[in-house]
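K.L.:
Quick one: the structure is below, and I'll ask about it shortly.
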Number of protein chains: 2
Amino acid sequence: MATIKEVAKATGVSVATISRVLNNNGYVSEETKNKVIEAIKELDYRPNEVARSLYHKQSKTISLILPDITNPFFPELARGVEDIMNDHGYTIFLGNSDEKANKEERYLDMMEQKHVDGAILATNTLDSNHLKTLKKPVVIIDRSINSDFPTVCSENFHSSQDAVRHLKEVGCKVIAHIEGPAHITNSVLRKNGYIEVVKKESWFTDEYIVNGHYNDKDAYQATLTLLKNHPEIDGIFAGNDLMATGVLKAARNLGISIPEQLAVIGFDGIRMSEITSPELTTMAQPIYKMGETAAYMLIDLIEQRPLRERYYKYPVQLIKRQSTNVQNQSIN
Amino acid sequence: MATIKEVAKATGVSVATISRVLNNNGYVSEETKNKVIEAIKELDYRPNEVARSLYHKQSKTISLILPDITNPFFPELARGVEDIMNDHGYTIFLGNSDEKANKEERYLDMMEQKHVDGAILATNTLDSNHLKTLKKPVVIIDRSINSDFPTVCSENFHSSQDAVRHLKEVGCKVIAHIEGPAHITNSVLRKNGYIEVVKKESWFTDEYIVNGHYNDKDAYQATLTLLKNHPEIDGIFAGNDLMATGVLKAARNLGISIPEQLAVIGFDGIRMSEITSPELTTMAQPIYKMGETAAYMLIDLIEQRPLRERYYKYPVQLIKRQSTNVQNQSIN
DNA sequence: GGATAATATGTAACGGGTTACATAATCATT
DNA sequence: AATGATTATGTAACCCGTTACATATTATCC
């Protein structure tokens, strides 16, 4: 790979002039400019971004730290981030934290050492003080920790109420909830939304809340025992779609028909929810768009433009599908 | 962020000595070493990786270029790559190519400019000459273009034959194939495997091969018309699991019961195949492991160690599930 | 025509590390 | 005690760009 010196030598001018041509600033005569451009083409020269980064202390690079790219929610989010970032000339580092503080920390350290310009975090086990010491722009996505950080999330609390109400509307009498991990904000909000709607019901006890850890296998197991112990359950609100697929599977294995005997609603609106059988009713977040928004925000922060909003809370949309399509809806 | 100079000043020694302590080479007295370590801690100094990269012309960074992280095959692969790379101190750049040559090229350019140490490509629309001009190690994964490049893939041709034979074993008489894109090597191999098994059948015409472009929606549409035109079809081999979910959905919408009236087998063994209803029989590739292997190979190449193997072709495993679990298997 | 502004280009310091080479001090060996 | 090897540390060049500053040339204006 050619360097700027070689281009300078080939053109017979100084490196400063080459740099001026490259960056289109300062004065360069038309003639020299053409010669330089010629030489650049000839030598297939492209500036060394590392050298540029060293000088500018920025790298046109951002970090995207997710819990686990293998969880189908995150690829959609990542794609939204990537598409926008790429349009704006940024490349992205991907890191899976597995919700572990030490992994998160390692990535954030790396980010400082490699002069990453900013980060989008869809994971947070660190306290916000640690984040502040970074002195690099950070956008929190999907979870909110602290109003000090620009955040993109969606309306979890009220949407969860909508989800549970939808189950009621289709005639469910006893509604259970498969909750996600207790340390994840949105998981708690979803549970609280559920509780808000059912707390005054005579049947309600917290036995109707079981933990599925935001994954299908745990949700499957949890649902299995839940439904065995409580055959009276005729509606389940799963804290995310992945867990809802576990619920569908558990019901199937127990010979419980969906939606006739048990209506199921999920949360997230991942693509997979269209693929299950029966197709899954869900509270759909605008996942891709959330990724895009986070990317736009981060770019504004990096390039020192004022943010239009520091906090986006997107509305969530009820998408009715087969899993709650009970025939005899409660018109009775 | 402190620099090496500040540490030098704080300790009262030269930057060279600091560097020696950092890299653990050259001579440094116990005493000085301790003072330096002390100062490093005190100032929370961490070396600037960009400066290091500039000198060493390598960056402990690799590129992972995939067609689309949103396709559920790739997150599993990416995770395998990431886990190993991370263990070895590398961070990874993620890029989605959408199978487009210009996007791929952009990423490869970036990779040169940012002194990326190597790349793993799960996409290839470029000719291998272009790749060779990179002069950086590249590992091809999931697709083989050229034996010049170290490659990790799995046995597509014979496994596809196994898939079709399995359909025959469970009693299918007329077997169709949903093929993937014609420009993707593994897709063609899978089709050829199918053809190999059925070409001598009296019923066979290429009308039984329709294109689902490796995605569920196209496969759904293609299957819909396929099954309408050819109600005699009682087995479908889909070129990947994602398309197989489209097949399941099409069958469901046409009122065709699986596996009784139509047996379906996919390819890939993505996690989603366990979640569908009926659960999908599939030819499972060791996806995560393929990612790991590619990572190990790339690290060996980067660190100039000889490769044990230049070409891994993993066996693929038939996983029998409900979608081909026909009761009256062909013992008749 | 002379002063000032605009244009064109070069030199060298800088960013933050690494390392070849030079020098100095200590140690071992005969 | 003289010699050479080992240890300890510093100086400065280098990696590859960017840019402040200096200098030279040309254009503009009264």
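Cβ coordinates are placed from backbone N, Cα and C, and glycine is handled just like the others.
Straight out of TrEMBL:
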- A:1-18: domain 'HTH merR-type' (DOMAIN)
- A:2-56: domain 'HTH lacI-type' (DOMAIN)
- A:3-46: domain 'HTH cro/C1-type' (DOMAIN)
K.L.:
In the same chain, which residue numbers or ranges, 6 or more beyond the ends of the domain 'HTH cro/C1-type' (A:3-46), come under 8 angstroms Cβ to Cβ?
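P.N.:
Cβ under 8 Å, 6 or more out: none.
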K.L.:
May I have the DSSP-based helix, strand and coil counts for the residues of the domain 'HTH lacI-type' (A:2-56)?
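P.N.:
In the domain 'HTH lacI-type' (A:2-56), the DSSP-based counts are 39 helix, 0 strand, 16 coil.
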K.L.:
Please work out the mean pLDDT for the residues of the domain 'HTH cro/C1-type' (A:3-46).
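P.N.:
Mean model confidence (pLDDT) across the domain 'HTH cro/C1-type' (A:3-46) is 94.
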